[in-house]
Amino acid sequence: GRTSIDNLCRIVESAIKAGATTINIPDTVGYTIPSQFKTIIKNLFNKVPNINNAIISAHCHDDLGLAVGNAIASIEAGVRQIEGTISGIGERAGNTALEEVILTIKLKEELLNVFTNIKHNELYRTSQLISQLCNTPIPANKSIIGSNAFAHSSGIHQDGILKNRANYEIIDPKTIGVKAVQLNLTSRSGRAAVKHHMHEMGYQDDDYDLNQLYVNFLKLADKKGQVFDYDLEALAFISNQEDKDQEHFQLKYFSIHSGSTGVSTASVKLLCGNKILNEIITTRNGPINSIYQALNNIAGLPIVLEKFHLVGKGEGRDALGQVDIVVKYNNRKFHGIGLATDIIESSIKAMLNVLNNIWLSNKIKSKIKNIKNKK
């Protein structure tokens, strides 16, 4: 946008005469808008006599948030190669997000009159891998590959999705390798979403009172934000008096010894119901791994840690550390959160949160089984 079109045409023509087979047209500082970039490309095709002897490529930056828009506009003008990166990773505000261009082409193939041979079902997995390798977290609201891209929390949207997914999804999540759509339970969720989650857990309509469950759900959602499946179970089947039993595993003491040798020793003491249990574990995989092994040995549950995320809350030496974890148990996912100035303590709190949720879920399953056996 900052180079005169006549100069650009002369440069492109000379480069092709010199043997260039691909000519890249860059918007290096993300300065142009789609209509402007489209005009530039059209002028090249109209004014450069040997333009068809080379592939014209576009290289756009996202300084104004228009990289993908400019890339699509350039395709409409005749460009046949787009330079970009997964997630738009790049200099300053980033480059063209390839996954957005790829999916746009797939959905608008007839309109754009172009196609790609990309394996679309590898997009999500590839983006996750690149995020890990580059240590660049993917924003939850990122188009196509963000965790919220196929997540629905509005009651109207959730009801529409359950009736016909095409109502609020322009593409099947499986197309890019996402296994399932998410219906997040929040204070905006309706009865249909709550009922759907209960059915997904195997409960029938006559197992619980949906109206009462929904009233209790809204109260919890207002306090907690997002409600998980095991929260619903507790609301549906555990009375207020029994809520006191939820903290079955309580921390009484912990100690960590770790040094430059790479060996960590964790000692932990828990109150489990009315029993005090101790465990000491030594590992070579760090203090958190040691303490988690010790906790798991006490709980005796076949759990698998799938996600561990640590983020600082505040600044300075007295800042809080928040640990969020996701644990898999019996093909279900349980979430835990812990907050403390000591990251080991916050890690323990997060795991105890998970263990207590699992314990309560097992208690509910046992209770329901006994009721059905009596019938």
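The backbone N, Cα and C atoms fix where each Cβ goes, glycine too.
The number of other Cβ atoms within 10 Å of the Cβ belonging to Asn95 (Mn(2+) binding site), over all protein chains shown, comes to 24. For His59, His61, Asn95, the entry in Swiss-Prot reads Mn(2+) binding site.
Among the features that Swiss-Prot reports, domain 'Pyruvate carboxyltransferase' is placed at 1-124.
According to Swiss-Prot, the feature region 'Regulatory domain' maps to 250-375, an assignment based on similarity to another entry.
For the region 'Regulatory domain' (250-375), residue counts in helix, strand and coil come to 45 helix, 56 strand, 25 coil, using DSSP. According to DSSP, the secondary structure content of the domain 'Pyruvate carboxyltransferase' (1-124) in residues is 63 helix, 19 strand, 42 coil.
Within 8 Å of the Cβ centroid of the Mn(2+) site, not counting the listed residues His59, His61, Asn95, the chain contributes Pro26, Asp27, Thr28, Gly30, Cys60, Asp62, Ala67, Glu83, Gly84, Gly90, Glu91, Gly94, Thr96. By neighbour count, meaning other C-beta atoms within 10 Å, the densest spot among the binding-site residues His59, His61 is His61.
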